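S.K.: Structure provided below as structure tokens; questions to follow.
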Amino acid sequence: MTFVTCDLCDDNADSVCVVTGLNWLSYGGRDAFGGEIVTVKCFEDNSRVKEHLGTDGKGKVLVVDGGGSLRNALIGDMIAENAVKNGWEGVIIYGACRDVDALAKLDIGVITLGCVPIKSVRRDEGQLNIEITFGGVVFRPGEFVYADNNGIITAPKALV
């Protein structure tokens, strides 16, 4: 999948939403990725992130509302490796990751607010496939998200 979010915005100005007001950092081996939105809402518990990334993710991006917490990581190298094996295009986390040197070597996009070496606590909590909001955008399961070094955008239909 080849695209530039700037061009997607220019060509679809009436239908895209741009995530704003957050300083995202890219840690994965892919600079650009996109696909159908799948959502998880959790706070400092990556049980649902691990669960979802263990399923078939071909053509999909997991978007996680982690409440913006940077106190512990919601994804690290082992979960990301499993996501690659299951065909996920990428992961966008309103929260933190860890194992950043290993993430950079994986063929997957990983965008988060930052990194921290502390792992998540697993309490088997979190919600799947619900509307979540951060960065001024509502992420709806079944819609589409595209991310590159220019930013993150959403659209109600596939643009690529």
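Placed from the backbone N, Cα and C atoms, the Cβ positions cover glycine too.
According to Swiss-Prot, the protein carries these features:
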type	residues	note
BINDING	Gly76, Asp77, Met78, Ile79, Arg98	substrate binding site
BINDING	Asp99	divalent metal cation binding site
S.K.: Looking at substrate and its recorded binding residues Gly76, Asp77, Met78, Ile79, Arg98, figure out the farthest C-alpha pair and report it in angstrom, whole number.
M.R.: 11
S.K.: Check the DSSP secondary structure of Arg98 (substrate binding site), expressed as helix, strand or coil.
M.R.: coil
S.K.: Excluding Gly76, Asp77, Met78, Ile79, Arg98 themselves, which residues in that chain have a Cβ inside 8 Å of the centre of the Cβ atoms defining the substrate site?
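M.R.: Sorted by sequence, the hits are Ala73, Ile75, Ala80, Glu81, Cys97, Asp99, Ala102, Leu103.
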S.K.: Cα-Cα separation of Asp77 (substrate binding site) and the residue listed as 'divalent metal cation binding site', in Å?
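M.R.: With the alpha carbons as reference points, the distance is 6 Å.
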S.K.: So, in DSSP terms, is Asp77 (substrate binding site) helix, strand, or coil?
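M.R.: Looking at the DSSP assignment, Asp77 (substrate binding site) belongs to a helix.
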S.K.: Looking at the binding-site residues Gly76, Met78, Ile79, whose Cα is closest in space to that of the residue listed as 'divalent metal cation binding site'?
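M.R.: Of the binding-site residues Gly76, Met78, Ile79, Gly76 has its Cα closest to that of the residue listed as 'divalent metal cation binding site'.
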S.K.: Using all protein chains shown, find which of the binding-site residues Asp77, Asp99 scores highest when you count other CB atoms within 10 A of its CB.
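M.R.: Compared across Asp77, Asp99, the most Cβ atoms within 10 Å surround Asp99.
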